[in-house]
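Taken from TrEMBL, the feature region 'Disordered' applies to 36-86. TrEMBL lists 73-83 with the feature compositional bias 'Pro residues'. According to TrEMBL, the feature domain 'FAD-binding FR-type' maps to 134-263. What TrEMBL lists as FAD binding site is Val238, Ser239.
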Amino acid sequence: MRLTFQPRLLGSTATAAGPRRTCSIRPFCRQRLHHHSQQRLTVSRPARPPSLRWQRAYSSSRPCLGPAQPAAAPSPPPPPPQPSKRRRAIVLGSLAVLVGGTVYWATAGSASGSFDDNGQRRLAAGGRGGLNTETFVPFAVVARDRVSPTAFVLTLRLLAEDGVARTATAAAVATAWQHGLWSVEVKQPQLQIARDYTPLPRVVGEHGEHGEHGEHGQHSADGTEIRLFVRVVPSGEVSKYLSRRAVGSTVDVRGPRLSFDVAARMGGDTDDGDSDRQVVVLAGGTGISTALQAAKAVLGRGAAVSILWANRQADDSIGVTATIDAKEANPIVRDIKALQTRYGADRLRVLSFVDAQQTWITEPAVRQAIAGPNGKSSGRSWYWPWGRQETTSSATTQPDTTDPSCVYHSARTLERLDADVFRGSATTRTCSCGAGSAGKNLVLVSGPDGFIAAWAGAKTWAGGQERQGPLGGILGHMAARDPETFARWQVLKL
């Protein structure tokens with residue numbers, strides 16, 4: 001196509017040199033100029049040179065003209081990256097850990113039993129599937145006994161049939177009972193959380209034990225069973241999980257976790273029949289489990305035990321302070337009755353307090369318990385007025401020979417502890433008090449955190465562990481009013 005432009009006269013302006021004409025050019029095709037125009041302007045596109053061709057410039061998205069370039073040869077692929085020394089070290093280390101773990105698990109089942117410095121059974125000691133302090137192992141639910149609408153007792157038995165695992169588990173449980181107070185952890189697998197539970201002592205009375213799903217008086221002869229007292233609370237995920245576990249299901253357990261050695265703290269390493277030793281337990285709800293553990297540990301050594309048991313409802317403790325048919329009593333009351341039958345009701349006294357009946361553990365009740373069965377304590381009587389009924393017991397004439405650094409009897413040392421070392425371990429420490437020291441009487445406070453804080457002060461945290469902390473609460477005020485008496489008593493928060 002040939003482009004032709006036609007000039008068009010638009011007008012003129014007067015200047016000094018004369019009129020100046022302006023025009024515009026309008027393109028049109030194959031038409032003659034207007035008859036009064038004497039000029040024709042023709043613009044044609046030059047022919048494309050043969051040496052040029054259309055090429056795409058890669059710096060722009062528009063086509064442009066440029067000289068032809070020879071096609072570039074494809075570049076060779078880059079060499080694969082060489083692994084760094086750090087990466088090789090990580091890979092080799094991971095392989096070493098994998099191989100070592102495989103060898104460990106292959107040989108763990110034949111490892112012999114042993115304890116660490118704190119008396120806790122090591123993983124290798126339990127074998128594969130045995131109770132240990134590092135991994136959770138399955139226990140089967142073999143019995144479920146109702147205590148009240150919100151509480152029950154679960155009887156668990158080791159699921160593994162391996163002889164080494166069962167032997168190691170039985171040894172761990174037996175050692176825990178020998179130590180005194182202990183607990184196990186139970187896991188809620190969906191939320192991956194765990195809670196400590198204090199096992200109940202195995203006490204079989206003349207009527208045996210009966211569960212909701214049949215009789216279970218003949219417990220496991222190899223010692224691989226544990227019994228847990230569980231109360232279902234709305235905010236307790238583990239307790240709600242356990243409430244759904246039926247007989248035949250499994251529960252994951254880890255332990256045992258050793259707590260305090262009550263016999264060593266009382267100074268009763270042997271069964272000498274010393275009835276002057278006393279243990280007073282303030283138990284709130286399921287804290288009765290700790291009270292029964294303590295009773296089992298010291299009643300055989302001649303001590304007297306007084307338990308003040310507080311509950312919100314009366315269902316948990318029906319018959320504990322009255323005569324009741326053992327078949328009608330719940331498992332906790334049956335255990336208490338069996339201990340009283342074996343050791344005597346004068347050696348094991350249990351008082352029940354129920355919130356719904358407006359009866360509570362009070363300071364006078366604690367004073368009476370500390371005074372002992374005969375209205376006496378190892379020191380001054382708690383009856384008012386002060387000092388009028390002082391006893392003539394030998395304890396009043398013996399000076400306090402407690403070593404300030406003794407691991408068993410020093411109040412300052414106790415504040416920094418969370419448990420006692422197992423006396424059979426390599427780091428066992430003995431009482432460092434004077435030769436005339438006969439140990440301490442014990443006040444144990446066990447139950448919910450609020451219950452413990454009200455009576456003995458809250459526990460403290462240090463180094464990632466829960467410690468006893470200083471004595472506070474109601475018992476702290478009582479000790480401040482009569483330090484002479486409390487110098488012969490020790491308070492443990494459990």
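The backbone N, Cα and C atoms fix where each Cβ goes, glycine too.
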Practice problem: Take the Cβ of Val238 (FAD binding site) and count every other Cβ within 10 Å, whichever protein chain it belongs to. | Solution: 21
Practice problem: Name, in the order they occur in the sequence, the residues of the same chain whose CB lies under 8 A from the CB of Ser239 (FAD binding site) and which sit 6 or more residues away. | Solution: Arg195, Val230, Arg231, Val232, Val233
Self-check item: Residues in the domain 'FAD-binding FR-type' (134-263) grouped by DSSP into helix, strand and remaining coil
Solution: 26 helix, 54 strand, 50 coil
